[in-house]
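Undergrad: Just lifted these from Swiss-Prot, have a look:
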ACT_SITE  126  active site, proton acceptor
BINDING   10, 11, 12, 13, 14, 15, 16, 17, 18, 33  ATP binding site
DOMAIN    4-286  domain 'Protein kinase'
MOD_RES   15  phosphotyrosine
MOD_RES   17  phosphothreonine
MOD_RES   56  N6-acetyllysine
MOD_RES   72  phosphoserine
MOD_RES   159  phosphoserine
């Protein structure tokens, strides 16, 4: 650890404590993520180490770069590039108003990062505004990519804060264990709606049951025809047959018609029907968008 000088604690992440630090040789500012390991554990699971070392190969401008992995018997510290703030803090500072072009730019960058990782068979599985980081140039970067695979999908933060269910798709809420890239696309849809509403979450459920009710009240409870595999999921239980909201106009009033169409394609209850990151980037919503 002598290579890095800790400057300040930034916060408690899902997996441990995060510090702002400086590389003593290059003076580069980095984020140190100290991963907490269970006391009764034999140190770092080799599977976790393998996964994490793969993440060093994910090099893309919309992915937070993992510079280094420091590993001692009981400690694992991940050294990431430093970003000024996350999307949640950004929402707090924009006072309920977000320029439609910024919404489009952030979603485009989110999809670019997702498409890159998905093409390499890496899923995020725990996307939310807190792990979308934004730097001073308005560049959005996905953080904590692949950590859910290395350490397991978090059920609660180690700081006892409950991990949010707000961005989890219905198939996962019904106990699906086989994930595909579609898990991240649902989360991207929830984040898109939150961007369009300048930080108001789309489905702020209190627990799994409340979460599913909120989703079905908006999108309609899926029938067996619409989603044949639903009733086979481990935690499936029937819900009232809520009708779908006819239009998303009232849900995301500031989003134009093509934006609403893209949102509907992301928020499909049946994971098979969800649009992919590559398909989403080709959607007409982006036809007039010039990437910086």
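Here, residue 1 is simply the first one shown, and the rest follow in order.
Note: Cβ is positioned from N, Cα and C throughout, glycine not excepted.
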Undergrad: At the level of the C-alpha atoms, what whole-angstrom distance separates the residue listed as 'phosphotyrosine' and residue 126 (active site, proton acceptor)?
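TA: Spelling it out, the Cα of the residue listed as 'phosphotyrosine' and the Cα of residue 126 (active site, proton acceptor) are 12 Å apart.
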Undergrad: Quick one: pull the CA-CA distance for residue 10 (ATP binding site) versus residue 17 (phosphothreonine), whole Å only.
TA: 8
Undergrad: Around the ATP site formed by 10, 11, 12, 13, 14, 15, 16, 17, 18, 33, list the extra residues of the same chain whose Cβ is within 8 Å of the site's Cβ centroid.
TA: 34
Undergrad: Just jot down the residues in the same chain as residue 18 (ATP binding site), at least 6 apart in sequence, with C-beta under 8 A of its C-beta; none if empty.
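TA: Long-range Cβ contacts: 9, 10, 11, 12, 31, 32, 33, 34.
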Undergrad: How big is the gap, in Å, between the Cα of residue 17 (phosphothreonine) and that of residue 72 (phosphoserine), rounded to a whole number?
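TA: Spelling it out, the Cα of residue 17 (phosphothreonine) and the Cα of residue 72 (phosphoserine) are 16 Å apart.
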Undergrad: Looking at the recorded positions 14, 17, 72, which one has the fewest other Cβ atoms within 10 Å of its own Cβ?
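TA: Relative to the other recorded positions in 14, 17, 72, 72 has the fewest Cβ atoms within 10 Å.
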Undergrad: Using the alpha carbons only, what distance in Å do you get between residue 72 (phosphoserine) and residue 16 (ATP binding site) once rounded?
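TA: On Cα coordinates alone, these residues lie 16 Å apart.
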Undergrad: Which whole number is the mean pLDDT over the domain 'Protein kinase' (4-286)?
TA: 89
Undergrad: Can you tell me how far the Cα of residue 16 (ATP binding site) sits from the Cα of the residue listed as 'active site, proton acceptor', in Å?
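TA: For residue 16 (ATP binding site) versus the residue listed as 'active site, proton acceptor', the Cα atoms are 15 Å apart.
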Undergrad: Would you work out the biggest C-alpha to C-alpha distance among 10, 11, 12, 13, 14, 15, 16, 17, 18, 33, the residues that bind ATP according to the record, and give it in angstrom as a whole number?
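TA: Overall maximum Cα spacing for these binding residues reaches 14 Å.
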Undergrad: I want to verify one value. Collapsing DSSP to three states, which class is residue 16 (ATP binding site)?
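TA: Going by the DSSP assignment, residue 16 (ATP binding site) falls within a strand, counted as strand.
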